[in-house]
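The structure appears below as structure tokens.
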Amino acid sequence: MKRIVLAALAAVAAMSGSAFTAAADPVDDKLVIDDKEMIIRAPAPEGHPFEEVMSGWLFREAETRATEADSFANPGMLAVEQGEEIWNTVEGSAGKSCASCHNDAAESMKSAGASFPKWDPDSKKPINVELQIDKCRVKNMGAEPYKFDAPEQVALTTYIKHQSLGQPVKLDLASGEMQSWFDKGKDNYYNRTGQLNFSCSSCHEASMGKYIRADHLSQGQANGFPTYRFNTGGMVSLHNRFRGCIRDTRAEMPKAFSDELMALEVYVTWRGTGLSVETPAVRQ
Amino acid sequence: GWAAEAAEVAPDQVKFEDNMVAASLTDAPGNPEEGVKVFVNRGLGNCLACHVVKSLSKEQFHGNVAPALDGAASRWKMEELRAIVADSKKVFGEQTVMPGFYSLEIGDNVRKDLVGKPILTAQQVEDVVAYLATLKE
């Protein structure tokens, strides 16, 4: 099932040379990956500030969009390959790999990526894919949890979410105390931070579809994470992106997987309900 | 020169009345040539992140989050421009996306090294306002 990833270095999104950015709306286009059509526009769930939820793909330059649409050109597929290797590697004192218990990820992880964060009755908190990996490593493998953004953590997360490619995002907010974490996440989303005094909604709601400098502002959806970014030439995890956006308000960055960012992940993921999982999406 | 010694109105002492700040924030006059530098500088005003200005077309990437500022001085008095730059929320309301450049009524959890500091100095605000005053229709 291994792929050879070609053109990993190709297609750095070309920026237009002109000073003025066009008042561009999201494109009217279809996204087909591996012969599967992705849901990139969906009717918003009840209580959502928008009528329609839209994938960040719709807001990117043509070259970036084309790179995501072609799995052989998508450099993020390297992380999927690395993740597959880790999946099958025995580690820890129990002498097991992920595959020892979960067998073929294409079957066992088929819908997992579309339904995280979930309620975790053991920690009495929401759990995301990264923390579920750590939970299995510690509890079931006798291995150490990963450090935040360790390449192995990002690759394995990318691999697991990629198994749900095309599946619509759907959270179970009725489970455990998910609803109160959702509420907290919503508060965080609208809370202004930093010297620049922005909330997430300043950029991804009030200014959605506009340009801030050269950046075409999307709805800030989570469905493509971890994403490949041309800017940094590597994979970006969701909490890394959250921290970057918060840093840009000139605020202190909350810790990855802190209660604050877990609540935000629950709420932001819900805001993309109905969009296909696109992992690994490609961004500039 | 001696401008650095000029008296300043502190950020929490700025008086807003009828969408205006009547008095200069310093006793040195604003300098439009310094103002345009602050205006385009990404670490200072970074005003082009959100606003287009046609006469600055040599600068790359003007955002369009906000209205173009060409002709701003024909729409607003100097005292109104000073209020908008010092704390836009006093003029446009709490919901505006525009940051307050000389205000301490800002967001939570401000980066530690910036606590208690406005984005621009009083003199930089006066310089930017002097530059805006040149943007006539």
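For all residues, glycine too, the Cβ spot is worked out from N, Cα and C.
Keep in mind it's a predicted model, so treat the numbers as computed, not measured.
Residues A:C200, A:C203, A:H204 are given by TrEMBL as heme c 2 binders; from A:C136, A:C245, that same site also lists A:C245.
Contact annotation for chain B: of the listed recorded positions (A:C98, A:C101, A:H102, A:R241, A:C245), none places its CB atom under 8 A from a CB atom of that chain. Annotation for A:H102 (heme c 1 binding site): spatial neighbours A:W87, A:S108, A:M109, criterion Cβ-Cβ under 8 Å with sequence separation of six or more.
Contacts of A:C245 (active site, cysteine persulfide intermediate) defined by a Cβ separation under 8 A and a same-chain sequence distance of 6+ are given as A:C200, A:C203, A:G220, in order along the sequence. Taking the mean position of the Cβ atoms of A:C200, A:C203, A:H204, A:C245 as the heme c 2 site, the remaining residues of that chain whose Cβ falls within 8 Å of it are A:F198, A:S199, A:S201, A:S202, A:E205, A:L217, A:G220. Farthest C-alpha pair in the heme c 2-binding residues A:C200, A:C203, A:H204, A:C245: 11 Å apart. Taking every pair among A:C98, A:C101, A:H102, A:C136, the residues recorded as binding heme c 1, the greatest CA to CA distance is 11 Å. For the domain 'Cytochrome c' (A:78-164), residue counts in helix, strand and coil come to 47 helix, 8 strand, 32 coil, using DSSP.
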